[in-house]
Amino acid sequence: MKRFEYADEKISDNQILVAMPSFVIGIGILYLPRSMASVTTGSDGWLSLVIGGIIAVIITWSVAKLSASFPNQSFINYSSTIVTKPIATVITFLFVILGIMVTALQVRQIADISKHYLLIETPVEIISLVFLLLILYGVGNSRAGLFRLNTMFLPFVLFIALVVIVFNINHFNPDFLMPAFQTGFGGLWEGTKGSILSYAGFGVVWFYITLVERPEKTPKKAAIGMCIPIILYLVLYLACIMVFGNSVTANLQYPTIELAKIVEIPGGILERFESLFFVIWIMAIFNTTAMALDIAILALHSIFGKTNKIKLLFIVSPIVYITGMYPQDLMQLSHFSTFIGYSSLIYTVFVYILLFATAKIRKVI
């Protein structure tokens, strides 16, 4: 079968709509309720999630609108038009580094969680290597196939999340939602920062919108797509609070998995529902990791146009593995995750302001 070439791979704006939640929904939701509960009182974390969500939607729409202004042009091509080729190359290469770091983080985090819940006796290094090989196989094939996987996996991920929520309704205690509106500005701001980092998926709009043949409606579709994880995160957070309470949620490593562990299917059909939940959630993590690596490869390919995609994967994959293995414990891994989140957000905003302001000054758009 003939392999798809980069120039031949076109996607629809509806696939961008699906790609946004597919990229954002991943490991973050497994510990996000803890992050929100640890800095807020009662159920006030929902305010941070909504505020952070609104900011994420605005950033997503703005970046998508800028990218859509240059239809059928790669990121490096239209940014070269705005800020010259050398600067555009540096900007693109920094996106490559971000993509590699996000991939490394996801590979390491899925290995740690798998070891904790499923593969207790298996070394983290082995789990990471196996998952990375799986990602390489997915990215090494057609990008069109990667987007079809997004479309196929996302309904399963949303369905399993809905099952977790529905089968925990009997455990809900509305009293845990109180006290309401008691968190100070500092706590809400910390929660908002954490939520924005969880919504970070801006690489999708920087690099994939250029593959949309008619991107006129793509900014709207990208913004709608970003709303899906915002709603999901909000509902799962409130479910954790109503089941465990704020103080318990703040002390659970992965509250969402603990929520899945108390699900009881009538008739005893499935005794360990959390295993099914985790297996399906790996689909979501696969989507996130595969797209992060694919964006890095796409950016690299735009810089070194004559280099084969497979060769780029062979060059990048050892860097991903070594980077993922660098954190020595959960504390270092948490710091690494925070660093990547802030880097991604700040760099995206910086690049957008630079390109938008320069384009307006030079009247390119």
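Cβ from N, Cα, C; glycine included.
Listed in TrEMBL:
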TRANSMEM  16-33  transmembrane segment
TRANSMEM  45-66  transmembrane segment
TRANSMEM  87-105  transmembrane segment
TRANSMEM  117-140  transmembrane segment
TRANSMEM  152-172  transmembrane segment
TRANSMEM  192-211  transmembrane segment
TRANSMEM  223-245  transmembrane segment
TRANSMEM  276-298  transmembrane segment
TRANSMEM  310-327  transmembrane segment
TRANSMEM  339-359  transmembrane segment
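The stretch in closest packing with the transmembrane segment (276-298), judged by the count of Cβ pairs under 8 Å and taken from 16-33, 152-172, 310-327, is 16-33. Long-range contacts of the transmembrane segment (192-211) within the same chain, counting only residues at least 6 positions beyond its ends with a Cβ under 8 Å from a Cβ of the stretch, are 9-11, 16, 19-20, 23-24, 28-29, 32, 35-36, 39, 48-49, 51-53, 55-56, 59-60, 63-64, 67-68, 70, 72-75, 78, 95, 98-99, 102, 143, 218, 222, 226, 229-230, 233, 291-292, 295, 298-299, 338, 341-342, 344-345, 348, 351.
Within its own chain, the transmembrane segment (223-245) has Cβ neighbours under 8 Å at 16-21, 24-25, 29, 32-33, 36-37, 42-43, 45-46, 49-50, 53, 56-57, 60-61, 64, 158, 161, 164-165, 168, 171-174, 176-177, 195, 198-199, 201, 252, 255-256, 258-259, 262, counting only residues six or more beyond its boundaries. The transmembrane segment (310-327) is in contact with the transmembrane segment (117-140), judged by 3+ CB-CB distances under 8 Å for residue pairs 6 or more apart in sequence. The transmembrane segment (152-172) makes contact with the transmembrane segment (16-33), as judged by at least three Cβ pairs under 8 Å among residues 6 or more apart in sequence.
Among the stretches 16-33, 45-66, 117-140, the one making the largest number of Cβ pairs under 8 Å with the transmembrane segment (339-359) is 45-66. For the transmembrane segment (117-140), the residues of the chain that approach it from at least six positions outside its boundaries are 103, 107-108, 110-111, 146, 149, 257, 274-275, 278, 286, 289-290, 293-294, 297, 309-310, 313, 317, 320-321, 324-325, judged by C-beta separation under 8 angstroms.
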